[in-house]
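Student: This structure is in C-alpha cells; I'll ask about it shortly.
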C-alpha cells in the first residue's frame, strides 16, 4: 500500500534514528546535576505517564489554577496514559467513547461529532489553548500517542475557552520531555490487517535542555467493504531552562490521515415505500474511487517565568493548520423495494483549509487578604481563525442507477469535477480578558469566582452570500463554591452563563445566532488514598436558546435550525483510581433528560442513560499478569421521521477484554478484544435518522512494547 511506503517506513526510520540517539541521550544522564535547575512551575506534578493510575492529581482546564478534581466545582473526567495503553485507545474517538457522559456520534467513517449532556462539544483545547469555533468533526482521528492525558470538563467553560458552551471542554495534554532518559517502541497487529508502529524517546540533551520525539504509523483495512485508513504522526518538543527561573518550550506535531473509499453520508435506512432496509455490517455506500485525506500541523511556543513568591507568568503561542482534500460519493435517494437506487446521487470534489493563530498571556499566584491566603489568575487571549472550503461537482451529477447496496462492489463511473458547487471563506477573531480567583473563605469553604470579557468578529462569504456578525463586550461570569465536609468529602455548586457564537449554518448558509443561556451544577466529591481514588456525584441543569439541531443534508452538506427553550437536566456518577493495590478502575453512569420549550422530549438520538466501566487488576500471585475489562452500555435511541416512520436503535452493551503480560521489566505484550459478544448496532442517528451505518463487529489487537 502507498501508506506503508510513505508512513510506516518513516516511522521505522525514526525508530532507527532513535536507537542511534538513545546511547547519546543515555550517556548524558550520569554527569548531569539536574537538581540545581528549579524551573518546574509549568511542568506540574500532574503527569500521568508511568503512574499506573486511572486518575490525576490536578487539572488546569477549568481555571488555569492547578486544582485537584475535588477542588474543581464541576465534573472532571480524565483518561490517563495508563488507561490509553491498557485498552489501546489510539485515537480521540476511542478515548471519548470510553469517557463517562460523552457520546461519540460517528456519522461517517471519517467524520464524528461529540456530545455531552445533550449538546455538541465544540470546545477543544491542547495544553489549555484553544477556541470554541472549531470544526470538531475532524478531531476524532487525532492520534493519542503524543498525549499524556485527555481531560474532559463537563458543563460550560466560558472562563477559559471564551464561550460558555454547555456540553464540555476537551483538553488534550501533550507529553513533555523528561529529565531522565527513557525510550520505547511498540508494534501492533490485529483484525482487518491492522498494523501499527510507535516510538517514543525522551531525555536531557544537556544540563538545561531536554527533548522528546514521538512517532507513530498505522495502516488498517476495515469490516466495511473497500474502506482503508492510513495514519502517520510525528511530534517533537524541546524544553530549555534559559535561566533558573525561565523555561522555554518549542514543539510541533504533524499528522496525516488518508482514507480510501470513506463514507460520505451513510446507508439509507428506508425504502421508498417506507419499509426498513436491511444491510450486513460490511455494506458500504462508498465508491471505489473515493478518498479523503486530512493533514494536521500544530506548532507551539511557550515561555514561563517564575516571578517569586509563588507567582508565575506564562506566554503561549499556537499555530494550527488543517487541510483536507477528498473526492466522495453521496447517496441522496432512497432505494426502491428491489434494493436498487435511482438516479439522483451526488459526487463532489471537496477541499477544506483552516488556519488558527492563538496567543495567551497570563499570570497566576497566591495573595493574602483578610489574614488568609488565596489564589489568582489573570490574563488575556487573542485568536484568529481563517476557514475556506470549496466543492466541485460533476457536469452531469445524477450518476447512473445503482444496484442494491447489499454486497455492492463500489463501482460507479467517476464524473469530471468541473462544475463550481460553491464554498465558503470565513474569518473569525476573538479578543478576551479574563480573571479568576480562588478565595479561601474559611478552612473548609472556598469560592471560585471569575469572568471573561470578549469581543467577537466573524465575516466572510458562504456559498455566494456575504455574511458578517459581531459581538462586543460579551461578559461571561463564573462562580463556584466548594465546602469540605470531612477530610474525604466535599459539597460543591457552580453557576455560569452561556454565550456561544456558532459555526452551524442554516439551509441558506446563514450562521445561526449565538447560543445563550445558563448552566448550573451541584454535587458531592470525595477522595481517598491520598488522592489516588476519586468519586463524584453531580446534578446539573442547563437552559439555553438558539441551539443548533441538524435539519437535513443537501448535496452532502448538513444544514441546521435553531431550537429555542431547550432544557437539559440530569445526573452523573463517576469513580476513578485505585480501589485496592493493583486494582484500577474508571466507572461512570449518566442520565440526561432534554426537553424543548413546550416540554416535549427532544434530541432523542442521544441516549438518556449510559454507563461505562474500564478496570484492570494485577494478579498478586502472578504479578507479571494484568487482566481487565471494558464495558459500555447505552439505552434506546430513536428518531421520529413523521408519516408513521421511526428509526430506533435498541439498548446494547459492548464488552471488551484485555490481558497484559510482562515478560521482563522491559518487554511486555497486551491483547485487546473489543465487542466480544459481536453486537450489531447502528453507530449514530445524529443526522436525523435517514442514514446510518453499523459499528465494528468483534475484533482484536496484539501490541508488543519494548522499553530501552
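Just so it is clear, glycine is given a Cβ too, placed from its N, Cα and C backbone atoms.
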Student: Of the residue ranges 673-690, 691-708, which one carries the motif 'TonB C-terminal box' annotation in TrEMBL?
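Tutor: The listed stretch tagged motif 'TonB C-terminal box' in TrEMBL is 691-708.
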Student: Write down the single range among 44-77, 78-111 that appears in TrEMBL as region 'Disordered'.
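Tutor: Spelled out, TrEMBL records region 'Disordered' over residues 44-77, not the other listed ranges.
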Student: Just to be sure I understand, if DSSP states are collapsed into helix, strand and coil, how many residues of the domain 'TonB-dependent receptor plug' (69-168) fall in each?
Tutor: 22 helix, 33 strand, 45 coil
Student: Mean pLDDT over the motif 'TonB C-terminal box' (691-708): what is the value?
Tutor: 96
